[in-house]
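Take a look at the structure below.
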Amino acid sequence: MANRVAVKIADFLCKNNTIRNKDKDIYIYGFEIFLSNLINFTIVVVLGYLLNLFYHAMLFYIAFVVTRSYSGGYHASTYLKCHIAFASIFLVTMFMSRLLLPTISLVYLLVFIAIYIGCIFEYAPIENSNKPLLELDKLKYRKISIVISLCWTAFVVALYFIAREYAATLTFTLVFVAMLMLIEVNKRKELY
């Protein structure tokens, strides 16, 4: 669906001489990414509202998207699978953070965060085969991933003392980012 809509938008822009025909594929890709992100954002907003967890949903979305933009990880083979996986990860994150909230301590959260940081230090950035990185970009993305992970860690600790439920949401979001990194690493090991 995202591809068809992106193609129609690009065709319309080409017909109206807004973009050059030779640049059409670049615009199609950009529109696909934009539409996919918009759909994922809408999924999180709607589910967050329905579950009465809107602010948790926003925290999840921001942490997930910002972190994955630099760390990389598993990518589904189709946009539909991506949206289903994204919605599933969101729902499981909300469920886990609610389920474990009564028993969660700062030590447990920091253990989970340590796993996440370990994945960042060991594997980030994981390139997307559709968007390879230059060596200089890899170094830049790695540094940014590390800084982001340290900022999230400080934020989790602060949230633990202010609003523990948000600390749990953020922690489980980051754990899922780490899991997606590990899935991609294992998938690539199987290929080689």
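Keep in mind that glycine also has a Cβ here, set from the backbone N, Cα and C atoms.
Feature annotation from TrEMBL assigns transmembrane segment to 26-47 (among others). Sequence-distant contacts of the transmembrane segment (26-47) (same chain, at least 6 residues past either end, Cβ-Cβ under 8 Å): 2-3, 5-7, 9-10, 13, 19, 54, 57-58, 60-61, 65, 79, 82-83, 86-87, 90-91, 94.
Annotation source TrEMBL lists transmembrane segment at 53-70 (among others).
The annotation transmembrane segment is assigned in TrEMBL to 82-100 (among others). Tertiary neighbourhood of the transmembrane segment (82-100): same-chain residues 36, 39-40, 43-44, 47, 51, 53, 56-57, 60, 64, 75-76, 108, 165, 168-169, 171-173, 176, 180, selected by CB-CB distance under 8 Å and a gap of 6+ residues from either end.
Look at TrEMBL and you will find 106-124 (among others) tagged as transmembrane segment. The list of residues near the transmembrane segment (106-124) in space but at least 6 beyond its ends in sequence, with Cβ under 8 angstroms from a Cβ of it, reads 70-72, 100, 141-142, 145-146, 149-150, 152-153, 156-157, 160, 167-168, 171-172, 174-175, 177-178, 181-182, 185.
Beyond the transmembrane segment (144-162), the same-chain residues lying 6 or more positions past its ends with a Cβ under 8 Å from any Cβ of the stretch are 63, 66-67, 70-71, 106, 109-110, 113, 116-117, 120-121, 124-125, 170-171, 174. TrEMBL lists 144-162 (among others) with the feature transmembrane segment.
Summarising the annotation, TrEMBL assigns transmembrane segment to 168-185 (among others).
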(message) Cβ under 8 Å, sequence separation of at least 6 from the ends of the transmembrane segment (53-70): give me the contacting residues as numbers and ranges.
(response) 37, 40-41, 44-45, 47, 89-90, 93-94, 97, 124-125, 141, 144-145, 148-149, 152, 165-166, 169-170, 173-174, 176-177, 180
